[in-house]
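*Asks:* Here it is, the structure, as structure tokens.
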């Protein structure tokens, strides 16, 4: 892997205008930084980040993701019957988790920025575990709603927080493969959550508790323990003075490579409400995330139910969730690593959209072919589950690649994952019991939104190309003479968007 991102981070060719000298000096400064770093040292720094940054955030998302979706495993083990859930009450209980995501994601990410990752994330993860355990003791629909809402409050800051931490340690063209590794933890959470549920339900009746209650109690206790260990495991921010896992010379290299990637000019260290909120690319990226997260949560919540409707027993359905997620992990990592290698996002994202279209099309064809073999239906789950695991990390990485400045990245990651998690609300309300076994509404809405993600990605692709052309022609140079010339973020004429 190259020590630094593609030279496109800066201007490709010097322009023969008043800013030629300035841009040449800046480019020369970057070259001085890059050539002064020993490649072996650079690789060692990245390797240490891989060992000390990625593992804790991987474990965080794995255990908290199964806290989000294990209600689907509990459903097929008798939870709705024991709690006397009627009509759409299960859907509402699933949906209410995501309301706090919209309300609290941005403020929680701002709090993360003002504290230390190992302090704030420890509080959130431990709270998730305790809340999940509490769901094993509820005896009414209203109590279930209350605990799910509380779980959502703790969960809301974790996804964006993990993305913020990862993006703080790696440069733009390393980010997709690192986020892919992190997203594998969500896949692992869904896959191993099913395997855990397969074993845990055998505790049915132990201490007088049903098997579905033990799913929440055992998995929640694991999350709580993991949360407490994060206080000692998570690192500080790269610029922080505590929890340094790098030697002084290695730490200097880390800061130098991050500065060279983001450039000293494309900074936003002061909050600029107008420049941040008026950036429509943040909002299109958020809508893209909402589209794909509907597929992610739809499959996570309802795959066990879909398998039961295919004719499998509940206990075997828990086990059969594992192979599609294992396949999805391979697709996710392969596509994102190729995206890194070729420094390209759009084409690989569209590949994921095409794969998902295949899976949804097969399952939607059930209504006109009721005798479709079970093997064909089960096969359809593989591309259906793999697609969002490809598109989701690329959507997030693409957003984080194209926002400059600490404050703007904090807002963008929280906005995308917070408001975008509204897709979880959609996913919770499109798979109806009355629509079984074909789930035409659920599959149809998910497919439509996945295709919309592709349309939005196409719009974003061409808009970024046009923006880069405008910068190359000097149409943004007037910003260098404004009062906020040192706080432009990615609007800076020398910041080039990636696509």
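The backbone N, Cα and C atoms fix where each Cβ goes, glycine too.
These came from TrEMBL, pasted as-is:
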- 1-34: region 'Disordered' (REGION)
- 9-18: compositional bias 'Basic and acidic residues' (COMPBIAS)
- 19-34: compositional bias 'Polar residues' (COMPBIAS)
- 51-69: transmembrane segment (TRANSMEM)
- 53-471: domain 'Major facilitator superfamily (MFS) profile' (DOMAIN)
- 89-106: transmembrane segment (TRANSMEM)
- 118-139: transmembrane segment (TRANSMEM)
- 145-167: transmembrane segment (TRANSMEM)
- 179-200: transmembrane segment (TRANSMEM)
- 212-234: transmembrane segment (TRANSMEM)
- 280-302: transmembrane segment (TRANSMEM)
- 322-339: transmembrane segment (TRANSMEM)
- 346-366: transmembrane segment (TRANSMEM)
- 378-398: transmembrane segment (TRANSMEM)
- 410-432: transmembrane segment (TRANSMEM)
- 438-462: transmembrane segment (TRANSMEM)
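For each listed feature, how buried is it and what is near it?
*Replies:* Sequence-distant contacts of the transmembrane segment (51-69) (same chain, at least 6 residues past either end, Cβ-Cβ under 8 Å): 97, 121, 125, 128-129, 131-132, 151, 155, 158-159, 162, 165-166, 169, 178, 181-186, 188-190, 192-193, 196, 219-220, 222-223, 226, 230, 233-235, 245, 297, 300-301.
Long-range contacts of the transmembrane segment (89-106) within the same chain, counting only residues at least 6 positions beyond its ends with a Cβ under 8 Å from a Cβ of the stretch, are 68, 71-72, 75, 80, 141, 144-145, 148-149, 151-153, 155-157, 160, 301, 411, 414-415, 417-419, 421-422, 424-425, 427-429, 431-433.
Sequence-distant contacts of the transmembrane segment (179-200), counting only residues of its own chain at least 6 positions beyond either end whose CB sits under 8 Å from a CB of the stretch, comprise 54, 57-66, 69-70, 73-74, 77, 162-163, 166, 211, 214-215, 218-219, 296, 300, 304, 315, 318-322, 325-326, 328-329, 332-333, 335-337, 389, 392-393, 396-397, 400.
Tertiary proximity for the transmembrane segment (378-398) is limited to same-chain residues at least six positions away from its ends with a CB under 8 Å from its CB atoms, namely 163, 175-176, 179-180, 182-183, 186-187, 285, 288-289, 292-293, 295-296, 299, 303, 306-307, 310, 320, 323-325, 327-329, 331-332, 335-336, 339, 345, 348-349, 351-353, 355-360, 362-363, 413, 416-417, 450, 453, 457, 460, 498-499.
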*Asks:* For the transmembrane segment (118-139), name the stretch out of 145-167, 212-234, 346-366, 410-432, 438-462 with the most CB-CB pairs under 8 Å.
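*Replies:* Stretch with maximum Cβ contacts: 212-234.
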*Asks:* Counting Cβ pairs under 8 Å that sit 6 or more residues apart, are there three or more between the transmembrane segment (280-302) and the transmembrane segment (145-167)?
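*Replies:* No, the stretches stay apart by this measure.
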*Asks:* What residues elsewhere in the chain lie close to the transmembrane segment (145-167), defined as a C-beta under 8 angstroms and at least 6 residues from its ends?
*Replies:* 53-54, 57, 60-61, 64, 67-68, 71, 92-94, 96-101, 103-105, 108-109, 111-113, 117, 120-121, 124-125, 127-128, 131-132, 134-135, 138, 175, 178-179, 182, 234, 396, 400, 409-410, 413-414, 416-418, 421
*Asks:* Counting only CB pairs under 8 A, let me know which of 212-234, 322-339, 410-432, 438-462 has the most with the transmembrane segment (346-366).
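*Replies:* Counting Cβ pairs under 8 Å, the winner is 438-462.
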*Asks:* Looking at the domain 'Major facilitator superfamily (MFS) profile' (53-471) alone, can you tell me the average pLDDT?
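*Replies:* Across the residues of the domain 'Major facilitator superfamily (MFS) profile' (53-471) the model's pLDDT averages 87 on the 0 to 100 scale.
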